Amino acid sequence: MPHHTLLLFNLLPVSLNISTWWNFGSMLLACLTLQITTGFFLALHYTANVNLAFSSIIHITRDVPYGWTMQNLHSIGASMFFICIYIHIARGLYYSSYLNKEVWLSGITLLATLMATAFFGYVLPWGQMSFWAATVITNLLTAIPYLGTSLTTWLWGGFSINDPTLTRFFALHFILPFAIVSLTSVHIVLLHNEGSSNPLGTNSDIDKIPFHPYHSYKDTLMLTFMITTLFMIMSFAPDLFNDPENFSKANPLITPQHIKPEWYFLFAYGILRSIPNKLGGTLALVMSIAILMTMPFTHTSLVRTMTFRPLSQLMFWTLIATFITITWTATKPVEPPFITIGQLTSILYFSFFMTNPLLGWTENKMMMTNT
């Protein structure tokens, strides 16, 4: 390939020692491209009508040439998107990438937009779980004092979830990915303003190499791994991430035994239902994401990354275990012992963010004592 076409990448100096954990940004970009492409082809054949939506999905998978490929790539691609973004955030927490405040805050905004987009998309097939998940989650708006009921009616476009709701959810699901593209551009521009951090958390200005070919090949390897996994799941277990309830058409008269959102929202849903109060649960749900914004302002350690901070490492891996446990608990019915497990893990989840500054001070003291 001619050298001049790669000039843009060659002009981008990147830290020599960034590891595989730094590859997930480019993988997220690939996921976004895949979702917009497959989503466009699905939108060509989808009908946003409560009587026809479910049938149009069946039509896409059965009658449209390669429609099943597009539909499966889109639904499994969403799961891949969230796997990558959660790893991307975990890396940011571990290596304290959040100290680059603008990049971190734009990233959290991106996460919130992505979650909204995925939620709207989950409603579109108009299956049982789509309908009831939409009913339960949008109903949380009624917990807002004074404005709640008006806001919910405004969002629904009526007094219940019906045709206007599906139409506006489709419109929002179509437009929000372009907002994500814009925010991604902002995120990348802000990142290259200062440059990536690295596993040591040190200034790497004196030790940088061109992005291409060194890091671009490393990115390509992980990208190949992700695409292979995506196609393996699509070929051998296409319904791996789907809920069996969603294979039945939405019926407002029959409530599923256990209403739950897609797996990537289960941690937030688990926190929501662990609080036996509607407003309290809604606030906890919002805070489960919003609390990430506090990280740049509560960092007290003199050492940037957790590579050299064993106490923080312990808390970090506790957070990961907590995240997985909440996700698992949220798949279970609301009965003992799952209620208690959900409440304990929710407390543990928030305690990571609250004890982080205290741990930083403790580690600083320990380092001062040893020097």
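Every residue, even glycine, has its Cβ placed from backbone N, Cα and C.
Among the features that Swiss-Prot reports, transmembrane segment is placed at 24-44 (among others), with the record citing similarity to another entry.
The transmembrane segment feature in Swiss-Prot is assigned to 68-89 (among others).
Long-range Cβ neighbours of His173 (heme b b562 binding site) (same chain, at least 6 residues apart, Cβ-Cβ under 8 Å): Gly39, Thr117, Phe120, Gly121, Leu124. Taken from Swiss-Prot, the feature heme b b562 binding site covers His74, His173.
For the recorded site, His88 (heme b b566 binding site), the DSSP three-state label reads helix. For His88 (heme b b566 binding site), applying a Cβ distance below 8 Å and a minimum sequence separation of six or more within one chain yields Phe24, Gly25, Leu28, Gly107. According to Swiss-Prot, the feature heme b b566 binding site maps to His88, His187, an assignment based on similarity to another entry.
Marked as transmembrane segment by Swiss-Prot: 104-124 (among others).
The annotation transmembrane segment is assigned in Swiss-Prot to 169-189 (among others).
Other C-beta atoms found within 10 angstroms of the C-beta of His192 (ubiquinone binding site) number 13, with every protein chain shown included. For His192, the entry in Swiss-Prot reads ubiquinone binding site, with the evidence type similarity to another entry.
Swiss-Prot lists 217-237 (among others) with the feature transmembrane segment. Through the fold, the transmembrane segment (217-237) approaches residues 20, 23-24, 26-27, 30, 69, 72-73, 76-77, 80, 84 of its own chain, all at least 6 residues removed from its boundaries and within a Cβ separation under 8 Å.
Nonlocal intrachain contacts for the transmembrane segment (279-299), taken as residues 6+ away from its ends with a CB within less than 8 angstroms of a stretch CB, comprise 89, 93, 96, 98-99, 101, 104-105, 108, 111-112, 115, 140, 143-145, 267-269, 271-273, 346, 349-350, 353, 356-357, 360. Swiss-Prot lists 279-299 (among others) with the feature transmembrane segment, giving similarity to another entry as the kind of evidence.
The annotation transmembrane segment is assigned in Swiss-Prot to 311-331 (among others). Among residues of the same chain six or more beyond the transmembrane segment (311-331), those with a C-beta under 8 A of the stretch's C-beta atoms are 86, 90, 93-94, 260, 263, 266-267, 269-271, 273, 301, 338, 341-342, 345-346, 348-349, 352, 355-356, 359-360, 362-363.
Among the features that Swiss-Prot reports, transmembrane segment is placed at 338-357 (among others), with the record citing similarity to another entry. Distant neighbours of the transmembrane segment (338-357): 267, 270-271, 273-275, 284, 287-288, 291-292, 294-295, 298-300, 312, 315-316, 318-319, 322-323, 325-326, 329-330, 332; these residues of the same chain sit at least 6 beyond its ends, with a Cβ under 8 Å from one of its Cβ atoms.
Below 8 A, the CB atoms of the transmembrane segment (24-44) and the transmembrane segment (169-189) form 3+ pairs separated by six or more positions in the chain. When the Cα atoms are compared, His187 (heme b b566 binding site) and His74 (heme b b562 binding site) turn out to be 24 Å apart.
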